[in-house]
Ligand SMILES: O=C(CO)COP(=O)(O)O
């Protein structure tokens, strides 16, 4: 499989961090560092809703794109506290993280709602970064592939081959998120290749070969190069290390040189 068929994407997932002035400061620091990635790989900052406008203004004219961390599936209506896809696109947001394990664990996100959000995002012209990954216990019970196959099947239900070209899949083993425990390059590659095989089964090989699959889970400046060198790992979704400009840039440079 030819990696050059796909766009490498390094995305920061800031989670619930940074006020607006802090967001501006971090992005101002990141912008010049990653400017050389332009045209080579995609660099994205996925930020809290309150930081989106600041992020869009701060990154204007640079190669840093902006993503949100969630989106509701209805277009509008009585959904107190929610944000629609149209509200995001109107701001200039391009990407949105959907189905992050923290949303699944703490906020009742299910594969059904992940699927609805994905379809709503695509319909509005947003590019979803759909997160999948097994729990530690599921890996111990040797059902990682079953879990991932089910998530891919359900999360991408009704997503057409044309639409999936705009979907990014992030493989984030839940046991590796924020724990300092990283999947080994072999472990991460094995599951990313499995995800691609599931996409090939659902669509076709050419379609699967064009989908960017990221790894996420304690990716950092020290381990990024080895993970990104794997044939089916096309980028990273980075939590903690995306909050430090120098570390985030080291990961971006690993992808540029990879
Ligand atoms: O959840 C993640 C990215 O979405 C990974 O978080 P960490 O990089 O902090 O482990």
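Backbone N, Cα and C atoms are what each Cβ position is placed from, and that goes for glycine too.
Now, the feature entries from TrEMBL:
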- 100: active site, electrophile (ACT_SITE)
- 172: active site, proton acceptor (ACT_SITE)
- 13, 14, 15, 178, 218, 239, 240: substrate binding site (BINDING)
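What TrEMBL annotates, mapped onto the structure for a quick look.
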{"residue": "13", "record": "substrate binding site", "DSSP (3 states)": "strand"}
{"residue": "100", "record": "active site, electrophile", "DSSP (3 states)": "coil"}
{"residue": "172", "record": "active site, proton acceptor", "DSSP (3 states)": "coil"}
{"residue": "178", "record": "substrate binding site", "DSSP (3 states)": "coil"}
{"residue": "218", "record": "substrate binding site", "DSSP (3 states)": "coil"}
{"residue": "239", "record": "substrate binding site", "DSSP (3 states)": "coil"}
Residues close to substrate site centre defined by 13, 14, 15, 178, 218, 239, 240, Cβ within 8 Å: 177, 238, 241, 242, 243
Other CB atoms, at most 10 A from the CB of residue 15 (substrate binding site): 19
Residues among the binding-site residues 13, 14, 15, 218, 239, 240 that border ligand 1 - Cβ under 6 angstroms, in sequence order: 13, 218, 239, 240
Other CB atoms, at most 10 A from the CB of residue 13 (substrate binding site): 27
Other CB atoms, at most 10 A from the CB of residue 239 (substrate binding site): 23
Distant-in-sequence Cβ neighbours of residue 100 (active site, electrophile), under 8 Å, six or more positions away: 13, 69, 70, 109, 131, 172
